[in-house]
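According to Swiss-Prot, the protein has these features:
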ACT_SITE  D89  active site, proton acceptor
ACT_SITE  D264  active site, nucleophile
BINDING   D89, S90, G91, G92, F93, D143, Q187, G214  substrate binding site
BINDING   C302, C304, C307, H333  Zn(2+) binding site
REGION    245-251  region 'RNA binding'
REGION    269-273  region 'RNA binding'
Amino acid sequence: MKFELKTTDGRARRGQLVFERGTVQTPAFMPVGTYGTVKGMTPEEVRETGAEILLGNTFHLWLRPGQEVMRAHGDLHDFMNWQGPILTDSGGFQVFSLGHIRKITEAGVHFRHPINGEKIFLDPEKSMEIQYDLGSDIVMIFDECTPYPATYEEARKSMEMSLRWGKRSRDKFDALGNKNALFGIIQGSVYEELRDVSLNGLLEIGFDGYAVGGLAVGEPKEDMHRILEHVCPKIPADKPRYLMGVGKPEDLVEGVRRGVDMFDCVMPTRNARNGHLFTTDGVVKIRNAKYRSDTSTLDADCDCYTCKNYTRSYLYHLDKCNEILGARLNTIHNLRYYQRVMQGLRDAIEQGKLDDFVTEFYRRQGKPVPPLAENDVK
């Protein structure tokens, strides 16, 4: 993988990630394909929304279908018939989400299989092996996602163990002869000093890109913005920056304003299945009875298959009848909306008009523009 930075506007960056499997324009949003599928979508449909890279979940694909099945197909690209780049998470966040049925030690994580109760152990070395078999174009180190809230001391201990696990991940990745990219994950909760220690430790080990982890776990938006403003300028300019598990459309805009290059989130797909649709003028909750006879298009500014062919009334009807097509059409739209936001951000950075884009984005959403830190203002 090669990262090429084309231009900047303030702290926002316009670039591209070059892989053997294709080029990804940044800033980029990665749809989430948990079990080797973006729920309800064919790979061709996902590609048509504008997505150039997907995220797969190491933890879930390890449990089902397992490494043997993956190897029998070649890798995850062959298994799911997506020939573009794939980033896989390490399994750390999923293990964190298991709560009471897992035990974290220096060696790794002991937990019960969430389906059959079997005892399982996952460590940095195993995570690297699984991601190697998946053929991931971007591999993430195995880390502990620090819970929120955490005291300074809790966050410090968690971050330091993640650093040690990061070194073990790097060593195993290299021992496997993996020629793809490996990203480090910056931890440290809401504490700037701990974020610095984490980043410096990761820089000593050396990675192809750097993710900001442990955000979007319940902390106030102001804390997320503050940590991004603090951390992003310290990441080497020639390395991509990835904000994990984020987020709402405005979170993408705010991340880009602060120098983030990559995002992923289940929100556009999960919310689509719940009738929660993102549009240029704000959220449409399609289950609301006011849409029963609404013959207007979902989003007049959108060029997706759903908006070009169907009315809000029809989408309301499909949802009311629990028709599978409703979830699919909603997903097509939400994914396309997210990609249109990213395209708008990329174009604005290229033209040196990011401030204009941001102002118009929030005006249409009916929201105020969040302030940048003083040293971020052009």
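For all residues, glycine too, the Cβ spot is worked out from N, Cα and C.
Note that the structure is a prediction, hence the values are computed from the model and not measured.
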Subject >> Any further residue of that chain within 8 Å (Cβ to the Cβ centroid of C302, C304, C307, H333) of the recorded Zn(2+) site >> reply: T297, L298, D299, D303, Y305, T306, K308, I332, R336, Y337
Original post:
In the same chain, which residues outside the set D89, S90, G91, G92, F93, D143, Q187, G214 have their CB within 8 A of the centroid of the CB atoms that define the substrate site?
Top reply: V95, F96, M140, I141, F142, E144, C145, S162, I185, G213, M244
Subject >> Site of maximum Cβ density within 10 Å, from binding-site residues G91, G92, G214 >> reply: G214
Original post:
Given the recorded positions D89, D143, D264, which one's Cβ is surrounded by the fewest other Cβ atoms within 10 Å?
Top reply: D264
Original post:
Here the binding-site residues are C302, C304, C307; which one has the lowest number of other Cβ atoms no more than 10 Å from its Cβ?
Top reply: C302
**OP:** According to DSSP, folded down to helix, strand and coil, what is the residue listed as 'active site, proton acceptor'?
**Re:** strand
**OP:** List the Cα distance (Å, whole number) between C304 (Zn(2+) binding site) and D143 (substrate binding site).
**Re:** 37
Subject >> For the region 'RNA binding' (245-251), distant same-chain residues with Cβ under 8 A (at least six beyond the ends) >> reply: 93, 215-217, 221, 224, 263-265, 267, 278, 337-338, 341, 361-362, 365, 367, 370
Original post:
Around Q187 (substrate binding site), how many other CB atoms lie within 10 A of its CB?
Top reply: 32
Subject >> Per-residue pLDDT averaged over the region 'RNA binding' (245-251), given as an integer >> reply: 97
